[in-house]
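> Before anything else, here's the structure in question.
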Amino acid sequence: MRYIATILLFALKYIALKLAFVPLAVILWLCWITAANYRKLSLAKSDVELDKIDQMLAGIKDKLPMDAKIGFRTNIDPGRRGVLYFKSTLILAPRILENNDRDTILLIEDPHLQPVLDKNYECLERGGNQELNYCLMRRRN
Amino acid sequence: MLFFAMLACVLVLFAGTSLSLTKTCGLSGPLRFPVAFALVLVILSYGYYLGLLFQIQIGILLLSLGLPPILYLAFEKYKSRQLNLSFPKKIGSKNLAVLLAILVLTIRFNKYVYRWGDWDAWAIWNLHAKFLFYPEHWRNIFTASLAETHPDYPLMLPSLIALFWRGLGFVTPLVPVAIAHLVLLAIPVTVYLALKRAMHSFAALLSLLIFCVDTTFIHIGGSQYADTLVAFFVLMTFVLYQETKVSSNRRLVFVLGIVAGSTSWIKNEGMLFFLVFSFSFLCFHFKKPAVIFRYILGALIPFIIVIHFKLKLAPANDLIHGGREKDLLSLISDPNRYWLIIKHFTMTGITDYWIMLLLVMIVLINKMPVIRTLPFMAISLVLVGYILVYLTTPHDLDWHLGASVDRLFHHIYPAAVYLFLLKFSENREIRLWS
């Protein structure tokens with residue numbers, strides 16, 4: 001305890017002697033707003049779509065080996081397709097998500113749009129959130 | 001535990017680098033801290049990339065990065081019987097302006113920044129970093145199936161993000177945010193310290209004001225793209241170049257070579273800058289073979305790494321390759337494309353970079369002799385290079401210009417502010433109108 005008190009006293013003396021009050025106040029303010037911002041960014045309320053898709057696809061990450069190559073499909077328009085493809089690629093990396101069909105396909109669907117139906121594939125895993133559904137499909141033998 | 005080891009490694013690297021800049025390169029004063037920051041980024045990035053390439057365990061990598069500066073610091077302590085890292089001991093009114101600028105920039109940065117950043121941040125830089133996070137599978141990024149994610153882009157930013165993720169043991173969007181924050185702050189601090197070092201206090205304060213009020217600058221910084229990192233290294237190249245002009249220590253030219261060469265490890269545009277800066281440097285120093293030799297020696301390390309990456313790992317770039325030789329002539333000879341480029345350059349200049357235009361106008365009005373200088377030659381050649389890339393782009397030109405002109409100007413913007421303010425401060429009789 002005595003050692004801690006000595007160290008604290010030394011630190012206080014150093015601050016009092018070496019630092020002027022205004023710069024110290026600026027530094028403390030800077031530290032506080034930086035810490036507050038990083039805390040805010042780590043809260044669930046700061047989650048963006050990428051975090052929501054990440055939570056949605058959490059279940060299938062364990063089922064796919066790290067060097068898996070899977071295809072990607074969606075029922076959403078081409079502009080939005082790119083967004084979902086890149087976000088899914090980031091989430092599933094280092095697995096390779098191809099922007100076309102393979103034996104295993106990740107299908108992401110907007111539940112309000114026409115669903116993708118393909119009799120050649122069977123759904124292995126299904127899930128979703130309020131905005132999107134997903135299905136991990138395997139080609140039928 | 002690994003994270004604390006990594007933090008300790010970064011700290012000793014920073015301390016060792018800043019001390020060696022003073023002891024071996026003669027770079028004293030606070031300017032050595034941003035220079036050391038740039039060199040630490042370079043060392044960590046190359047170290048992590050080479051660690052992946054040669055399958056070195058992260059613990060051994062950190063040890064091999066941290067041990068040399070520890071030994072160097074110990075050696076210096078032994079030599080002088082007193083370890084003097086000479087960090088600023090008094091933070092008084094002299095540094096208050098820069099502290100306030102950091103505060104304002106942080107407040108404004110916090111307003112713009114959000115998890116995972118803008119499109120390119122998650123679709124390119126964080127995505128590449130996620131692959132580099134897995135040392136056994138990182139080469140998956142180079143498969144042809146992922147060509148849309150631009151795996152040919154250099155890896156400085158992704159490797160830095162991946163290194164800190166490895167240290168933490170998990171993937172978090174706070175790491176790219178922290179890197180973007182530090183790099184954004186490093187730019188005005190570097191300009192301020194460089195101008196202060198040249199005894200131009202008013203220009204130094206003015207530069208802080210310019211960066212603090214510039215929304216475009218802070219917005220691009222907050223987007224977490226690699227463009228601000230390019231801007232920092234371009235600025236650092238010119239700052240070091242100015243230092244080599246006034247310093248008698250030629251070892252600084254070696255550092256200049258490393259920094260200029262490392263610009264090509266950030267983005268492909270950085271490669272263009274490195275080539276034109278090196279060409280300009282050779283033109284201006286062809287009578288000094290010793291200087292050129294030191295520059296080439298410094299630039300050789302990044303050059304070899306980038307060339308190896310481009311030739312052995314990265315797929316072909318979509319702008320350069322693709323068997324489009326026959327189309328190029330028709331693209332270059334189309335006057336509408338020139339007109340569109342001029343329109344976008346002018347509009348972006350007026351809306352986002354009016355400060356730079358104002359500075360250019362002051363130079364023109366005062367007929368300042370800037371044309372026969374290395375920075376003017378290098379920046380002009382960079383702009384010519386940008387125009388050539390746009391003329392020959394396989395993408396829709398209007399879309400390509402709209403998506404990137406502001407960021408290309410961002411690359412040279414801090415360096416231009418620094419160089420113009422330096423020039424004005426050297427010329428005492430400036431007229432703001434004729």
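Note: Cβ is positioned from N, Cα and C throughout, glycine not excepted.
Automatic, uncurated: that is what TrEMBL annotation is.
Sharing the record's features from TrEMBL:
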{"type": "TRANSMEM", "residues": "B:46-75", "note": "transmembrane segment"}
{"type": "TRANSMEM", "residues": "B:96-114", "note": "transmembrane segment"}
{"type": "TRANSMEM", "residues": "B:174-195", "note": "transmembrane segment"}
{"type": "TRANSMEM", "residues": "B:202-219", "note": "transmembrane segment"}
{"type": "TRANSMEM", "residues": "B:225-241", "note": "transmembrane segment"}
{"type": "TRANSMEM", "residues": "B:293-311", "note": "transmembrane segment"}
{"type": "TRANSMEM", "residues": "B:338-364", "note": "transmembrane segment"}
{"type": "TRANSMEM", "residues": "B:376-393", "note": "transmembrane segment"}
{"type": "TRANSMEM", "residues": "B:408-425", "note": "transmembrane segment"}
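How buried are the listed features, and what sits near them?
Residues 2, 5-6, 8-9, 12-13, 15-17, 19-20, 83, 85, 132, 135, 138, 155, 159-160, 162-163, 166-167, 265, 301-302, 305, 309 of the same chain sit 6 or more residues outside the transmembrane segment (B:46-75) yet have a Cβ under 8 Å from a Cβ within it.
Nonlocal intrachain contacts for the transmembrane segment (B:174-195), taken as residues 6+ away from its ends with a CB within less than 8 angstroms of a stretch CB, comprise 29-31, 33-34, 37-38, 97-98, 101-102, 105-106, 109, 113, 115-117, 121, 125-126, 129, 157, 160-161, 164-165, 168, 201, 203-205, 207-208, 211-212, 217-218, 221-224, 228-229, 231-232, 235-236, 239, 242, 414, 417-418, 421-422, 425.
Taking Cβ pairs closer than 8 Å, the transmembrane segment (B:225-241) reaches residues 31, 34-35, 38, 41, 117-118, 120-121, 125, 153, 156-157, 180, 183-184, 186-187, 190-191, 194, 252, 255-256, 259-260, 262-263, 266-267, 269-270, 273, 277, 281, 374-375, 407, 410-415, 418-419 in its own chain, all 6 or more past its ends.
Distant neighbours of the transmembrane segment (B:293-311): 42, 46, 49-50, 152, 154-155, 250-251, 253-262, 264-265, 271, 274, 278, 281, 285; these residues of the same chain sit at least 6 beyond its ends, with a Cβ under 8 Å from one of its Cβ atoms.
Residues 269, 272-273, 276-277, 279-280, 283-284, 319, 324, 328, 331-332, 337-338, 341, 370, 400-401, 408, 411-412, 415-416, 419 of the same chain sit 6 or more residues outside the transmembrane segment (B:376-393) yet have a Cβ under 8 Å from a Cβ within it.
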> With Cβ-Cβ distances below 8 Å as the criterion, list the same-chain residues six or more beyond the ends of the transmembrane segment (B:202-219) that contact it, or say none.
97-98, 101, 104-105, 108-109, 112, 184, 187-188, 191-193, 195-196, 352-353, 355, 406, 410, 413-414, 417-418, 421-422, 424-425
> Same chain, outside the transmembrane segment (B:338-364) by at least 6, Cβ under 8 Å from its Cβ: which residues?
210, 214, 216, 370, 387, 390-391, 397-398, 401-402, 405-406, 409, 413, 416-417, 420-421, 423-424, 430, 432
> What else in the chain is close to the transmembrane segment (B:96-114), if you only count residues 6 or more beyond its ends and a Cβ gap under 8 Å?
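For the transmembrane segment (B:96-114), the nonlocal Cβ contacts are 177, 180-181, 184-185, 188-189, 192-193, 204-205, 208-209, 211-212, 215, 218-219, 221-224.
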> Six or more residues out from either end of the transmembrane segment (B:408-425), which same-chain residues have a Cβ under 8 Å from its Cβ atoms?
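Sequence-distant neighbours of the transmembrane segment (B:408-425): 187-188, 190-191, 194-195, 198, 200, 202-203, 206-207, 210-211, 216-217, 220, 227-228, 230-232, 234-235, 237-239, 242, 269-270, 273, 348-349, 352-353, 355-356, 359-360, 362-363, 368, 370, 375, 379, 382-383, 386.
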